[in-house]
Amino acid sequence: MTFTASSSSCAITESPVVVALDYHERDKALAFVDKIDPRDCRLKVGKEMFTLFGPQLVRDLQQRGFDVFLDLKFHDIPNTTARAVAAAADLGVWMVNVHASGGARMMAAARDALAPFSKDAPLLIAVTVLTSMETSDLHDLGVTLSPAEHAERLARLTQQCGLDGVVCSAQEAVRFKQAFGAAFKLVTPGIRPAGSEAGDQRRIMTPEQALSAGVDYMVIGRPVTQSVDPAQTLKDINASLKREA
């Protein structure tokens, strides 16, 4: 079934699920999207797809009624990052992110760049520690903290800079909700329904566990995109989350 919208305005969804689109071909991506309902999820577009297909892909998804998380993890000097974030807002995305390790001045500049957009501004989220990273990876970079400790330090800086939330692992969610409050949004990759393979994520949880931990938005990729019936898979995930709630 194909779901279309008459304009670029996005459908309202209460689902916390964000489906990660990872396709090498635009037609295959849109064929998948046309099988699912924008009431059941939002969509994430990352570096590879945006580099291949550009802003028009985002517009194509919006025209089908979907909110789009533009996952480009901007990390540059403050002025360049601010301009990039403003460009994302001009595109009408629902969420955009930056690397918290870019520092306070960079994050503050990104935040200020969204002020002219007022209520139409996207959520501005910072990446703390990539979910693929382990303690040994941080040590290689000269960081002596554990991934959890380093993520909390960066999350605290993010909140101090006035951003909307962070990308973090589900294991950090309980502590972060307690430390930073319910309004501080937690976006978590590495979410996989029971029985799914871990893939290249090292710190993973099921959707039900993530919801219980305090995750606001959960990114799920291949368990949905490679499903024989992605629409039903999404409905099953959302039903399980409603039972958990």
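FYI, residue positions are counted from 1 along the chain as it appears here.
Glycine residues also receive a Cβ, built from the backbone N, Cα and C atoms like all the rest.
Note that the structure is predicted; figures quoted are calculated from it, not measured.
The secondary structure of LYS73 (active site, proton donor), as reduced to three states from DSSP, is extended strand. The Cβ of LYS73 (active site, proton donor) has 17 other Cβ atoms within 10 Å, all protein chains considered. Sequence annotations record features per position, and here Swiss-Prot assigns active site, proton donor to LYS73.
Under 8 Å, Cβ to Cβ, and six or more positions away along its own chain, PRO78 (substrate binding site) finds ARG105, MET106, ALA108, ALA109, ALA110. The substrate binding site annotation in Swiss-Prot covers ASP22, LYS44, 71-80, THR131, ARG192, GLN201, 221-222 and rests on sequence analysis.
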Measuring CB to CB from LEU72 (substrate binding site), give everything in the same chain under 8 Å that is also at least six residues away in sequence. GLY46, LYS47, PHE50, ALA84, ALA88, VAL96, ASN97
List every residue in the same chain as HIS75 (substrate binding site), at least 6 positions away in sequence, whose Cβ is under 8 Å from its Cβ. THR81, VAL98, HIS99, SER101, GLY102, MET106
Other CB atoms within 10 A, centred on THR131 (substrate binding site): 25
Rounded distance in angstrom between the Cα atoms of GLY221 (substrate binding site) and LYS73 (active site, proton donor): 18
Near ASP22 (substrate binding site), which residues of its chain come within a Cβ-Cβ distance under 8 Å, counting only those 6 or more away in sequence? GLY46, GLU48, MET49, GLY221, ARG222, THR225
